[in-house]
């Protein structure tokens, strides 16, 4: 009987299930979108019960599509939107409030209060993270302080906290197991990434009872088995990682200096730094890449707020293109950008500049500038921003980038990938299987149950669909980068400070 690995990929807008075979190929995919809840400006919530219902539903659907039985699943891997916070009553299994999503800014004011007390330095030293409303800690505190009766229940030991991975595992095991992995724990702003434990001092500062927190385990191990009510048989749950870390693993970035960029709405860059937690001087996050083989490995992470979103803007607001795919055709119809730069600082600019007062600009316009030049400049902006983050990573880590592995929607744009390679001066590799997030969770699960022997075997599965090699002269490259940096300085400090 042929065996497979099931991957549950619980994202920000949809719940998916992908089944993989031994070669790391996709056998079937099932997907369901779920409701986004916006109670106030800047607030974002999800319904944890809807997420669980949809996730269980797509698991059954993926089995049906693949025409395989639950007995053929050797293990289940979970990957999830990170930081999103669920608090539930362990006696009833019911959430006390909606899940507060990573994008939610409701605790920004409280973060400012902590910053005024000088706690940002303590938090960065212990957790590797910036003090920000993005992470789970202040979201948990908000629920305890604002939901009637929540604090009393928590003090009595009746409330549990979990990110989405923990919530799914708890439900899959019918409340038997309350667990998370090192990668998800490292995004809570409560976990000491050097001592590998929940930090007592941070829990005290935020007034969060330790009894709420899950046990932290490696990303690849058998956490428990699914309750028989789910599939009719018990299946080992054996892999767990946050989405960006899972993508790094799925891209087989197993050695220090290997990096991946996910070109989505924004871009997420992660570089493996091995067993060394590198402290960033350039506003990057230090995070846990994976917990496996009795040790943890670390990564530097940089996020670019506006990546593929600039293409959506060209399509929906400026109506310059009908589809995102058309941008490649227009960009290649002109020889160069004609001196035009587009800085997509629509919501400020992230790593390594960190200026929330920057705003979007188009610079270098002349009478000869055409629509094609603006479209090309928009695509080029993704490559320039990636260049800036990767240079910061190299500087922080002292590790030279060897090649960049890519995934996400915009990695299908050949013009962008070639330009990315030219600007970085390194090879850019696009894999055959672009479902790298789900694949990473599958690999973690499969390793724990012996479905794959070791990381070497997995590395052999990784196949290049297309490789892009740098072909631009250094002088031209330097001139373009210089122009980009000049454009960024013009975009900065634009919005009036209150």
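Cβ atoms here come from the backbone N, Cα and C positions, even for glycine.
Swiss-Prot has this to say about the protein:
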type: BINDING; residues: 12, 16, 265, 308, 409, 413; note: ADP binding site
type: BINDING; residues: 12, 13, 14, 265, 308, 312, 409; note: ATP binding site
type: BINDING; residues: 12, 82, 83, 134, 243; note: sn-glycerol 3-phosphate binding site
type: BINDING; residues: 82, 83, 134, 243, 244; note: glycerol binding site
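Looking at residue 308 (ADP binding site) and residue 13 (ATP binding site), their Cα atoms lie 16 Å from each other. In sequence order, 82 are the binding-site residues from 12, 82, 134, 413 with a C-alpha within 10 Å of the C-alpha of residue 244 (glycerol binding site). What surrounds the sn-glycerol 3-phosphate site, by Cβ distance within 8 Å of the Cβ centroid and not counting 12, 82, 83, 134, 243, is the set 80, 81, 84, 101, 102, 187, 242, 244 from the same chain.
Neighbour counts were taken as the number of other C-beta atoms within 10 angstroms of each residue's C-beta; across the binding-site residues 12, 244, 312, 413, the minimum falls on 312. Take the mean position of the Cβ atoms of 82, 83, 134, 243, 244, the recorded glycerol site; other residues of that chain with a Cβ within 8 Å of it are 81, 84, 102, 187, 242. Comparing local CB density within 10 A for the binding-site residues 13, 14, the maximum falls on 14. In the three-state DSSP classification, residue 308 (ADP binding site) falls within coil. Looking at residue 82 (sn-glycerol 3-phosphate binding site) and residue 14 (ATP binding site), their Cα atoms lie 14 Å from each other. Cα-Cα distances to residue 312 (ATP binding site) place none of the binding-site residues 12, 16, 83, 409, 413 within 10 Å. By the criterion of other Cβ atoms within 10 Å of the residue's own Cβ, the least surrounded of the binding-site residues 308, 409 is 409. In this structure, the C-alpha atom of residue 134 (sn-glycerol 3-phosphate binding site) lies 30 angstrom from that of residue 413 (ADP binding site). For residue 83 (sn-glycerol 3-phosphate binding site), applying a Cβ distance below 8 Å and a minimum sequence separation of six or more within one chain yields 102, 134, 135, 136, 139, 163, 187, 188. The two recorded residues residue 243 (sn-glycerol 3-phosphate binding site) and residue 413 (ADP binding site) have their Cα atoms spaced 22 Å from each other. Other Cβ atoms within 10 Å of the Cβ of residue 16 (ADP binding site) number 23 in total over all chains. DSSP assigns residue 16 (ADP binding site) to a strand. Here the binding-site residues are 82, 134, 243, 265, and the one whose Cβ sees the fewest other Cβ atoms within 10 Å is 265.
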